[in-house]
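Some notes on the structure that comes next.
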């Protein structure tokens, strides 16, 4: 099974590319979705988070109050490290389980949609690394327009991620998303053809 890591900075259009790959029948393991799944009621990570950060991070129905957790987890580097120590191993474990399940079911390709692929060193575990790339100023413009974020907030988020040149060095294939949505569809079609050529 061909394991593909798909990544890109915030506002790069990575999720759009993941959706286009999914619509072609490729299995997507979405790291953000896995992160949500591992803190569902009944999951060990949720109990550990409540123990570490206090029972008041739980809503009355027993689900995680994300804003409440964020308010406690991002006040210091130590608290953020504690959050990561609880969640990151579980995300890695569950993601690996989903990859193995896909392989057992005969999938030829599985795509790991992971914002922090390079930061976490997971690019080295992939057969193919795809980076969706957009100029920083264009990403800022799109995020301010489409998500209603402030420019300062966008720039802070971009600065918290690995620089684009580091991400690009890890890439086997770069999908350029500086153009229109139609251009991105054309880039995705080329990517799909490249993937299929490697598995057929």
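Heads up, the Cβ atoms here are built off N, Cα and C, so glycines get one too.
Annotated features in Swiss-Prot:
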{"type": "DOMAIN", "residues": "3-200", "note": "domain 'DPCK'"}
{"type": "BINDING", "residues": "11, 12, 13, 14, 15, 16", "note": "ATP binding site"}
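Location within the structure of each feature annotated in Swiss-Prot.
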{"residue": "11", "record": "ATP binding site", "Cβ neighbours (10 Å)": "23"}
{"residue": "12", "record": "ATP binding site", "Cβ neighbours (10 Å)": "23"}
{"residue": "13", "record": "ATP binding site", "Cβ neighbours (10 Å)": "23"}
{"residue": "14", "record": "ATP binding site", "Cβ neighbours (10 Å)": "24"}
{"residue": "15", "record": "ATP binding site", "Cβ neighbours (10 Å)": "16"}
{"residue": "16", "record": "ATP binding site", "Cβ neighbours (10 Å)": "17"}
DSSP says residue 12 (ATP binding site), in three-state terms, is coil
Determine which residues of this chain, when 11, 12, 13, 14, 15, 16 are set aside, have a Cβ within 8 Å of the centroid of the ATP site's Cβ atoms, and list them as they appear in the sequence.
8, 17, 132, 134, 177
Could you tell me the mean pLDDT over the domain 'DPCK' (3-200), as a whole number?
94
